Every structure is written in structure tokens, then in C-alpha cells.
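Everything below concerns the one structure shown next.
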């Protein structure tokens, strides 16, 4: 990205959560634990999906993409936030701030599109089960995954290019824990009406189209489930969709509240709290809500752990024999 060299402001100050030093240290420890759990949980999901042939299906291919996005989205926000908790200078360069804003919305938009793609996968699996592997072939799954990443990349690119050419003349204080879109617009001394319009249109199109597609997919899924005669078949079909509905509800609800619904009368503290839940806590919960509760994944995880333990025990026995 190219940045406007005529800007007076060269760095921003992130206020984050203005609390006493002791709470800053406590927050650092809490978010360090959350970040480690988020990364380790999602890396575990990716690892066992890649290594266990029972999980080589379109659904788990999309789940791998979701886990990768969770890692990247948390990494775009949490490390810098933790550094600010224990740092006296909570500053970030203009280029660094705009880059953080871009990657956060790039990964977030990609996840929104991916959730719609995953609802399509569940629709085909439940409503057209006999043609599932024909429709959701390896090539089709790869193309849908690639389209999600490309859609996230290009939909965020144009507003970020406009932001990079805004003039920032002061003040340089951002009342947030990361470089969000709205605070950057608010502290610019340039005309931002075009940028706000572009942002609103893109947010509305991507979020509402993705949400509408997901809702329609699950309406058809629910209708199909209600026509399943056996209770065991009904429970199995519903269990494969319940996790996706939970994650999609949390993610869509937070995103629409933050970036589409007019809420200028609400306190910015509430907005920060909602953003914190979307940017940090959702990515910690996803592995547990979405994947680790599935029987197939638990079986694969148990088998992988047993294999590692057997290999470790065999290594110890060989070491003793060699002595």
C-alpha cells in the first residue's frame, strides 16, 4: 500500500483500556493465555485434519480454512494489544496502523464469505446427500475456498487504498485497542464522505448477502430435517449443523451491530467490548464449538495422541536397550 507522505501525523497513540498498571499486567496475562489457547487449538484442528484420512472431506477442508483465519485474525490484533499492556509508549506508525486495519478486515471478510460457503456445504450434505461428493468435489471445494479468500482480499482493498491517502493532521489519539476503521475516519482531517459510503456499501453487500445465503441454506436444511422420519437421523443431521449455526450467529450478529446498524448514540466502550468479543474471544471458542465437539475429530485426536505416546514409549525403550 502507498501512504500519503504529506500527513502531519506520523504515528498514533492507542488508548486501549485506560486502567491502572496492575490491571494492565493482569490483562496481559489473560490475553496471553487466550492467544496461546487460540493458536494451539486451531493448529491442533489443522494438524489432525491434514494427517487423518477420515477427515479428508469438504467440510473439514473448510474448517481448516476457518481455523487458519482464526489464527491470522487473532495474530493481527492480540500481540500488539499485549505489547501495549506492558509498554509505556502505546504508539503505532501510520503505515502500521493502516496495515493492521487492512489485515483485520481482510481476514474478517474472508471468514464472513467462508461461513456462507460452509452453509452451502451443509445444505448439499443434508438436502442432496447422494450427490454430495459429486457436487462438492475436491476441485469445487478448492475453488470455493479460493473464492472466499479472493473476495475478502479485493472487497477490503479499495477502502484501504482510500484510507492510505487520507491526511491525518491531529489529534493522533485513537480511543481503541487496535486500528479500527471508524476511529481512523474520525481523526482524519480530510473529507471522508466517499470513504464512508464505500465502506457502508461494501459492508452491507458482503455481510447481508452472506447472511441471506446462510439463512436460506438453513431454512432448506431445517425443512429437510423435519421430514426425516427417524429421531436418530434427525439428531445426526441437526448435530452436523448446530455448530455452524452457533458460530455464524455470533459472528454475523457482532459484525452487523458494529459495521451496518447505525449506533452513534451508543457509548464507544460498548463498541469496544463487542469488537473485543469478535476479534479475540470468538476465535478461541471456534475450535471447541465447531470441531472438537464432533465425534470424528475426537476419535482422530485420540488416535493421534495414542500414536504419539506409543512412539514416545518406543523411543524410551530403544534408548534403554542401547545403553
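Cβ atoms here come from the backbone N, Cα and C positions, even for glycine.
Caution: TrEMBL annotation is automatic and unverified by curators.
Annotated in TrEMBL:
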TRANSMEM  25-48  transmembrane segment
DOMAIN    41-290  domain 'G-protein coupled receptors family 1 profile'
TRANSMEM  60-82  transmembrane segment
TRANSMEM  102-125  transmembrane segment
TRANSMEM  146-168  transmembrane segment
TRANSMEM  200-226  transmembrane segment
TRANSMEM  238-261  transmembrane segment
TRANSMEM  273-292  transmembrane segment
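The transmembrane segment (60-82) shares more Cβ pairs under 8 Å with 25-48 than with any other stretch in the list 25-48, 102-125, 146-168, 200-226, 273-292.
Averaged over the domain 'G-protein coupled receptors family 1 profile' (41-290), the predicted model reaches a pLDDT of 84.
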